[in-house]
Amino acid sequence: MSLSKEVKSFQWTQALRRELQGFTSDVKAAVIKDATSLLNGLDFSEVSNVQRIMRKERRDDKDLQRLRSLNQTVHSLVDPKSTSKKNVLKVGRLSAEELMTLAADLEKLKAKIMRTERPQASGVYMGNLTAQQLDQRSQILQMVGMRRPQQGASGVVRVWDVKDSSLLNNQFGTMPSLTMACMAKQSQTPLNDVVQALTDLGLLYTVKYPNLSDLERLKDKHPVLGVITEQQSSINISGYNFSLGAAVKAGAALLHGGNMLESILIKPSNSEDLLKAVLGAKKKLNMFVSDQVGDRNPYENILYKVCLSGEGWPYIACRTSVVGRAWENTTIDLTNEKLVANSSRPVPGAAGPPQVGLSYSQTMLLKDLMGGIDPNAPTWIDIEGRFNDPVEIAIFQPQNGQFIHFYREPTDQKQFKQDSKYSHGMDLADLFNAQAGLTSSVIGALPQGMVLSCQGSDDIRKLLDSQNRRDIKLIDVEMTKEASREYEDKVWDKYGWLCKMHTGVVRDKKKKEITPHCALMDCIIFESASKARLPDLKTVHNILPHDLIFRGPNVVTL
């Protein structure tokens, strides 16, 4: 859905500046004072060492300890700080609708950031492997004739081999005072010259995003800007880098006026008003959380920074003492609000309280995702398990290649094991982390009066009726068993990678081994049989993200 949307980045920035001008302040004097303190108090030989560490492709616990130690020194030398504070938002200054929008956007932002922090290159997982494993993998790749994957435009993938990844949180943000101090000391330039150069960069930022061409022109007037790197900053490169983004932020902090977001101060007394203003700007310009991995857009950036800490300067302050992430430190409490009026007869497909197992933010995210379903496109549905205890549900639209596919932990484990032997071949242990509440939520969010095709309608009709979806119509194609499964092998050969849950041996009543039944594969098989050809799907994707289908530990992986 969001692929069709355009992030009008600078336009959004300007809108946020207008809406939040009442929360800005003059921070120039404080930033220069801190830069002076850092110039006098920091050991810049250690700064140079940390910069070297940050250029390494693989970094370990010792490297992290060194970074954290230097960050603590910086923290002790500066005044503007962000403090670690849990923020619970309830209905009051913010309406229930605004809170639910906020919760949904935080959930989307979490999904985006987690994907960004698990970088992949050419389909190769670059996760938390040890240095020895990475060396062994490089040797094996060379042995089998594979070259090392080329890195994309986002910069070098940095791998952290650390025991406790939570210690990485909040250790990498840039600070204007630190950027200024490093530029002055490491380029051997007076601090006043650095201030003048960055101020000009900040003035340019009031009308556009400065780029490398702008930087090149400004170097004639301000040679110190030559220390700014032309390479795009990679993920988590630390606050000691000389990126253009760090320099622009510093320039913005030095401007008195301009309503720069970098000078926002958030306090417990104004945090709700500030968030309300952010949501107001979002609504006016249709801002959104993009599903594309990479740098945050202006709305995502301010949302994360404000929700990370409920007190301090979210853009320019030292935040190394802040614990947790934005979605952990800001929570939405709607427990005392009746979001939906009590009704003895629920309206089919109407939005109601989230089902057991789904949070409010997950419910809002699901509602947004389900908006991508075309109510008029041919659609197949199939289930595995019993209508009153389904374990797998798939809804497939062959015209656009999108589908909804999820699982459910069974209530009747004895019946499940029987069905596994003779039908689906699924392992009970693989379903323990399946997200509860999806069945009711997904079926409830299907478009009103939708028409679904199926092969055998009895169980599906009962399932829909049990969810008060009698408005949904079923077309039973009523093929013979043999005809319906004519394309089974071809479908599994081409699309079997879409589902890896059917791992068991399945036998028919004559004890002959057969292919396990998968709800998604069956939808594609029935589509093929009805058209007498295998569908040629240009794209195929599940509209439900993995972390909505399965519960998982709240662990940050970088």
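The first residue you see is number 1, and the count goes up from there.
Quick reminder: no glycine exception, Cβ is built from N, Cα and C everywhere.
What Swiss-Prot lists as Mn(2+) binding site is Asp382, Glu384, Asp522, and the listing cites sequence analysis. Annotated Zn(2+) binding site per Swiss-Prot: Glu392, Cys499, His502, Cys518, in sequence order. The region 'Binding site for the cap structure m7GTP' annotation in Swiss-Prot covers 54-237, and the record cites sequence analysis as its basis. Swiss-Prot lists Asp459 with the feature site 'Important for exonuclease activity'.
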Under 8 Å by Cβ from Glu384 (Mn(2+) binding site), counting only residues of that chain that are 6 or more apart: Pro390, Val391, Glu392, Ile393, Asp419, Ser423, His424, Met426, His517, Cys518, Ala519
Env. residues of Zn(2+) site, Cβ within 8 Å of mean position of Glu392, Cys499, His502, Cys518 Cβ: Glu384, His424, Met426, Met501, Pro516, His517, Ala519, Leu520, Met521
Local Cβ density at Asp522 (Mn(2+) binding site) - other Cβ atoms counted within 10 Å: 25
Distant-in-sequence Cβ neighbours of Asp459 (site 'Important for exonuclease activity'), under 8 Å, six or more positions away: Ile383, Arg386, Phe387
Residues within 8 Å of the Asp382, Glu384, Asp522 Cβ centre (excluding the Mn(2+) site residues themselves): Ile383, Glu392, Ala394, His424, His517, Cys518, Ala519, Leu520, Met521, Cys523
Residue pair His502 (Zn(2+) binding site), Asp382 (Mn(2+) binding site) - Cα distance, angstrom, rounded: 15
Count of other CB atoms lying within 10 Å of the CB belonging to Cys499 (Zn(2+) binding site): 19
Residue pair Asp522 (Mn(2+) binding site), Cys499 (Zn(2+) binding site) - Cα distance, angstrom, rounded: 11
Fewest Cβ neighbours within 10 Å, where candidates are the binding-site residues Asp382, Glu392: Glu392
Mapped DSSP class for Glu392 (Zn(2+) binding site), helix or strand or coil: strand
Between Cys499 (Zn(2+) binding site) and Asp382 (Mn(2+) binding site): CA-CA distance (Å): 14
Where Asp459 (site 'Important for exonuclease activity') sits in the secondary structure, as DSSP reduces it to three classes: helix
Fewest-neighbour residue among binding-site residues, criterion Cβ within 10 Å, set His502, Cys518: His502
